[in-house]
Amino acid sequence: MSQDISRGAAGGSLGRLARRPESGAFLGLVVVYIIFAVLGGKVFLGAPGWSSWLNMAAEVGIIALPVGLLMIAGELDISVGSVLPASSLTVAILSGHYDLPLWIGVAGGLGVGLAVGLVNGLLVTRTTIPSLIITIGTMFAVMGLTLGLTILIAGSTGVFVVPDALTKSVFGAAFGGMFQIGILWWAGFVLIVLALLHVSPWGNWVFAIGGDRDSARNAGIPVARVTIQLYMMSGFAAAFVGVTQVVTFGSAQVAAGSSFIFNSIMCVVIGGVSLTGGAGSVIGILFGTMTFCIVNQGIFYSGLDPNVGSIIIGALLLLAVLSNDKFRAIALSYAAKKK
Amino acid sequence: MEMVHTAPVLELQSVDKSFGPIDVLHGISLKVHAGEVLCLLGDNGAGKSTLIKTLAGVHQPTRGKILMDGAEVSFATPRDAAERGIATVHQFGGTFPLMSIGRSFFVGVEPTKGWGPFRIFDRKKANDIAVKAVRDFGITRIDDGDRLVGGLSGGERQSLAIARAVHFGARVLILDEPTAALGVKQAAHVLRIINEAKRRGLAVIFITHQVMHAMAVGDHFAVLIRGAIAADFRRGEKTREEITDLMAGGETMADLEASIDAQERRHA
């Protein structure tokens with residue numbers, strides 16, 4: 001057959017770009033930044049503006065990374081919202097109430113996150129209940145346990161802890177009085193997750209599980225093990241943010257953390273991760289987190305009514321989902337129509 | 001023919017399969033040799049998919065034997081069957097639409113470079129091998145391993161899945177209605193791929209209800225009706241009309257025609 005129409009790699013730059021799941025997220029980031037740069041003026045463009053949205057982005061971003069991996073694998077994790085205060089309070093109770101060394105408190109807090117992740121992972125892989133429902137269940141269970149145990153042990157819903165200088169500098173330092181050290185931790189997490197998802201063979205398994213669970217299993221991928229690992233990562237990440245919060249503020253509150261549930265999911269979706277799983281990228285999640293936080297903090301600098309901010313975030317989310325679908329369609333049809 | 005002397009790669013001997021009180025397959029005996037295409041024809045509900053699942057290790061026969069190379073085997077799981085070289089390719093290629101060609105080709109067996117915890121997915125190697133494997137099957141339009149599987153045509157996706165199975169050492173290729181959802185040109189593509197697999201010495205079981213497609217590549221034909229083999233014949237032994245009649249209702253259809261003919265003669 002003489003059907004060999006050979007095409008050079010040059011033919012595909014548009015398709016190549018559209019195929020990258022972060023393209024839409026990057027466009028959104030640029031547009032949103034320009035809008036708020038105009039509205040927010042010099043203060044928003046300067047260090048105070050950058051520090052305010054970067055500090056927020058660091059916290060939600062650390063959680064959004066593993067939540068994004070879970071969504072790529074076709075699962076959700078709602079429980080991060082209660083793991084965060086559970087971890088903070090574990091640190092505060094162990095090291096504040098019981099006066100144990102702070103490293104024991106930190107280890108305990110992170111351990112709580114890993115344990116909740118393990119329970120989530122086991123429940124998701126051993127039952128046929130959707131992970132949305134399972135993690136809503138574990139969220140309420142952890143919330144109830146945290147509240148009950150805190151009142152039982154400490155007799156109050158807020159517990160104080162005085163971090164030592166070393167721990168404070170590792171988890172709670174601030175540069176120039178504005179930029180929190182969490183930003184560096186976030187950068188570190190981004191690099192690790194980037195390597196895991198896009199460079200290691202394990203990342204391919206995450207995409208395969210989200211693409212078609214049965215085919216992935218038939219191809220020999222340990223689907224249950226990977227799923228449990230992913231839940232333990234998100235539990236760990238939420239607990240890590242809980243640790244940085246308690247070290248930074250010197251106290252832990254039972255009620256903290258619920259805003260992270262939707263915020264992390266929104267960062268991930270704005271970042272171009274497919275709602276049905278199987279597609280997404282770490283750079284996309286990074287852009288999505290930045291976009292979300294620029295809007296969130298930019299409202300404050302722009303002098304707009306804060307309620308307008310909610311409307312903008314809602315609209316942004318819808319736009320993101322629409323443009324994600326559009327970009328995906330371009331990525332697929334580009335290849336199909338080049339006959 | 002020389003293959004008469006060698007044992008069939010895969011053989012079923014009087015296999016029955018029932019689910020509780022419901023008998024789905026009765027007395028199925030089939031064999032397929034290396035370098036041969038066995039076409040399994042049957043209308044919807046004839047038991048084709050149960051038969052495929054029995055061959056692929058999803059179901060175990062209630063009675064009867066499965067033999068490979070003349071020796072009895074039993075598959076507890078689809079993995080067992082896959083490890084023995086039985087590969088099933090489903091109607092839509094069964095792959096991951098949003099993954100690249102290279103990544104989906106190597107799902108679960110990713111090539112890596114580096115060592116220890118620094119082993120990384122070797123994208124270039126994966127892409128090169130995947131593209132070469134599918135081009136060797138004559139699909140020369142695929143030249144970029146980074147393209148998404150979902151962007152390929154139905155025929156290309158089938159071809160990719162078949163090339164993947166062959167690359168990973170399949171000896172028996174079970175193709176479940178590979179041409180059913182395809183246009184004429186795409187179907188011709190897939191039929192060429194089937195011929196190529198046959199030329200390479202694979203045993204191919206081609207499940208279809210399109211008689212034309214079966215006749216284009218088949219060496220051996222079996223018609224499945226209500227869970228039993230209603231006819232078993234080789235290439236050239238039956239015409240297209242005869243096969244269609246068989247599929248539509250087996251001998252009863254011929255009987256019906258005969259009785260109609262007789263009636264017409266009486267009234268003539």
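The backbone N, Cα and C atoms fix where each Cβ goes, glycine too.
Curation plays no part in TrEMBL annotations; they are all automatic predictions.
TrEMBL lists transmembrane segment at one of the ranges A:289-306, A:307-324, namely A:307-324. Within its own chain, the transmembrane segment (A:26-47) is flanked in space by residues 176, 178-179, 270, 287-288, 290-291, 294-295, 298, 301-304, 316, 319-320, 323, which lie at least six positions past its ends and keep a Cβ under 8 Å from the stretch. In this chain, the transmembrane segment (A:183-207) lies close to the transmembrane segment (A:53-73): three or more C-beta pairs between them fall below 8 angstroms, excluding pairs fewer than 6 positions apart. Annotation: stretch A:228-248 has the most Cβ pairs under 8 Å to the transmembrane segment (A:104-125), among A:53-73, A:132-163, A:228-248. Tertiary proximity for the transmembrane segment (A:53-73) is limited to same-chain residues at least six positions away from its ends with a CB under 8 Å from its CB atoms, namely 80, 84, 131, 178-180, 182-183, 185-186, 189-190, 193, 196-197, 206-207, 209-210, 226-227, 230-231, 233-234, 236-238, 240-241, 244-245, 260, 263-265, 267-269, 271, 273-275, 277-280, 282, 285-286, 288-290, 292-294, 296-298. Sequence-distant contacts of the transmembrane segment (A:132-163), counting only residues of its own chain at least 6 positions beyond either end whose CB sits under 8 Å from a CB of the stretch, comprise 76-79, 81-83, 85-86, 89, 91-93, 95-97, 102, 105, 116, 119-120, 123-124, 171-172, 246-247, 250-255, 261. Within the chain, the transmembrane segment (A:228-248) has long-range Cβ neighbours (under 8 A, six or more residues past its boundaries) at 59, 62-63, 65-67, 69-70, 73, 75, 77, 79-81, 83-89, 91-92, 106, 109-118, 120-122, 124-125, 161, 163, 167-168, 170-172, 180-182, 185, 189, 206, 256-257, 260.
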